[in-house]
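The annotation domain 'Sushi' is assigned in TrEMBL to 55-115, 116-177, 178-242, 243-302, 359-417. According to TrEMBL, the feature disulfide bond maps to 180-223, 273-300, 388-415.
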């Protein structure tokens, strides 16, 4: 239903009219000079109010909670027009104002229909109820059972329309304790359960085999829940099987524990190799369900004897034999290890060459000189070059080498002062300063020596004056 209110028209103005849409139509500007002032002002105000307040609205919207009571084909609706709605199924009315209104060119309304609610699902014994998000129309609930229980019924229910109201789509389920059928029987064996048809969750039974048969698998199984719906026995029941392993023969070895002659499932034996041989593999093996030993029997191989000897070092021994073992080397004090410090015994042989212990020569001390390479220690066979200070020359070989005995060869040279040309025949006091190794130091020494002589002369002069004064008095 559409309600169209009456529009209040303004007083009829001389020399002017209103069009069909309620808008003012003025006469041409050339004729307005004939209209009186008060009438012209009244026409102008009314025209402005109608232009801003009275606006058309488009077709009414589709509401998700209500529908139009009647359908109309109009595409434009006047100001203050009302369109009445009715609540959709699943919703109920919360206000008597079940309409929308055209205001300022827009449809305006307050929500007047809300969702109906289904009954509270309550609690689920031995389970839980999960609301998503509540129990109003369109929502749903989920049901879960506790561990050891199975769900009887639908795990989900929707709040839906039923007749003129809403209700749950499925009856609420129940949680019953899981039950398993009678445990399965096995060939050549039996279990300790009774003769019940069903067993509750958590029940367990144990199997045993007939004489001369071995039990393969877990002896006990339990009633568990699968997919929250079925009771099943887990793990799978064992089997009873005849298992026989023959006694293995290990060349150059013997059995030290579990001597046969026959072996059945899970029986174990332990091996030991003869002197001079080393065990390769596991020393203890077990008889498997497939009548074979697990793992395979070991072998006894010729041992790796003492590791290679190296100069200025030694291997650190941890066992008497070295098969599948390692030898770690260390050097004497003053030597450093060069190469891989560890070798491994594999197939009766040591892997790779052993490392070497290289000597460490100390840095040579050279007065008035130094080394081109500054280091604290030098390796065996390492060469160094000697360089003397300015005014000094190397006396001996300039290059020396670090030897195995931690000494330098040739002998560490010296740096001696070199007399400049022209200073061989130096007269006293002539060219003395420029021919000395450190002229500034010598100059300072001479100045001090001169000062000491002057002090000495002053003391001698003073003593003479004292003596001359005393003699006349005598």
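Just so you know, glycine gets a Cβ as well, placed from its N, Cα and C.
Unlike curated records, TrEMBL annotations are generated automatically.
Where TrEMBL records a feature, it is marked here on the structure.
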| residue | record | DSSP (3 states) |
| --- | --- | --- |
| 180 | disulfide bond | strand |
| 223 | disulfide bond | strand |
| 273 | disulfide bond | strand |
| 300 | disulfide bond | strand |
| 388 | disulfide bond | strand |
| 415 | disulfide bond | strand |
What's the number of neighbouring CB atoms sitting within 10 A of the CB on residue 273 (disulfide bond)?
23
Please report the Cα separation of residue 415 (disulfide bond) and residue 223 (disulfide bond) in Å, rounded to an integer.
97
Which residues, sitting 6 or more apart from residue 223 (disulfide bond) on the same chain, put a CB under 8 Å from its CB?
178, 179, 180, 199, 200, 201, 202, 203, 204, 231, 232, 233
Pull the DSSP breakdown for the domain 'Sushi' (55-115) and write it out as helix, strand, coil residue counts.
0 helix, 25 strand, 36 coil
Can you tell me the CA-to-CA distance separating residue 388 (disulfide bond) and residue 300 (disulfide bond), as a whole number of Å?
66
